[in-house]
Amino acid sequence: MSVKNAMTADFLRSAYGGESMAHMRYLIWGEEAENSNYPNIGRLFKAIAYSEHIHAKNHFNVLKEDLYDSSVVAGAVFGSTNLIDNLQGAINGELHEIKQMYPVYLETARYQEEKEAERTFHYALEAEKIHAKLFQDAQDSAKENKDINIGKVYICPVCGFTTLDENIEQCPICGVKKDKFQAF
């Protein structure tokens, strides 16, 4: 695949960088949560890290025929303090993607008729809405010195859709059957 428009290509690189960093940040914060006796919050971080990996991979694959050196600028929370603050950093990052980043990227791709970029931005935007809610629920529990009470976390391997619903039959974003989902 190749992208014809420089602005959409820049947005794909930026989104790739942001999702890549979120992936690593959530893995680190997940380990810290587990080490602080919050195994379910740790598992939630790791599951959502997998979703962010899928988003980064999707963005990358739209540009994979455009191989050249490029700076990737992506602003994000860096570091780690405590569980509550880490969850707030995750919430803030997800809300930035939902309210600012992906709506602009999606509309630009749509305007520039970049169908593959439009698809990957749509997938990420819809999944991030769920991530923000799950992180908020986790933070609410952590503020009460409790781990979040959740069963398995299911991630769609195509779009990164995230759900706690074990009875879901297929992804509501991309249509993939649940038997393909990764469970955490």
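Cβ atoms are placed via backbone N, Cα and C, with glycine included.
Look at Swiss-Prot and you will find 2-146 tagged as domain 'Ferritin-like diiron'. As annotated by Swiss-Prot, Fe(3+) 1 binding site applies to GLU19, GLU52, GLU97, GLU128, with the evidence given as similarity to another entry. The Fe(3+) 2 binding site annotation in Swiss-Prot covers GLU52, GLU94, GLU128, HIS131, and the record cites similarity to another entry as its basis. Swiss-Prot lists 151-184 with the feature domain 'Rubredoxin-like'. The annotation Fe(3+) 3 binding site is assigned in Swiss-Prot to CYS156, CYS159, CYS171, CYS174 on the grounds of similarity to another entry.
Features as recorded by Swiss-Prot, highlighted on the structure.
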{"residue": "GLU19", "record": "Fe(3+) 1 binding site", "DSSP class": "helix"}
{"residue": "GLU52", "record": "Fe(3+) 1 binding site", "DSSP class": "helix"}
{"residue": "GLU94", "record": "Fe(3+) 2 binding site", "DSSP class": "helix"}
{"residue": "GLU128", "record": "Fe(3+) 1 binding site", "DSSP class": "helix"}
{"residue": "CYS156", "record": "Fe(3+) 3 binding site", "DSSP class": "coil"}
{"residue": "CYS171", "record": "Fe(3+) 3 binding site", "DSSP class": "coil"}
Check: CB neighbours of CYS171 (Fe(3+) 3 binding site) within 10 A?
Finding: 24
Next item on the list: Rounded to the nearest Å, what's the C-alpha distance separating GLU94 (Fe(3+) 2 binding site) and GLU128 (Fe(3+) 1 binding site)? Just drop the number here, would you?
Entry: 6
Next item on the list: Give, as a single whole number between 0 and 100, the mean pLDDT over the domain 'Rubredoxin-like' (151-184).
Entry: 97
Margin query: Given the binding-site residues CYS156, CYS159, CYS171, find the one whose Cα is closest in space to the Cα of GLU19 (Fe(3+) 1 binding site).
Written below: CYS159
Margin query: Counting other Cβ atoms within 10 Å of each residue's Cβ, which of the binding-site residues CYS156, CYS159, CYS174 comes out lowest?
Written below: CYS174
Notebook entry, point to check: Near the Fe(3+) 3 site, what residues other than CYS156, CYS159, CYS171, CYS174 in the same chain have a C-beta no further than 8 Å from the centroid of the listed C-beta atoms?
Noted result: TYR123, PRO157, VAL158, GLY160, PHE161, PRO172, ILE173, GLY175, VAL176
Item checked: Cα-Cα distance linking GLU128 (Fe(3+) 1 binding site) and CYS156 (Fe(3+) 3 binding site), given in Å to the nearest integer -> 13
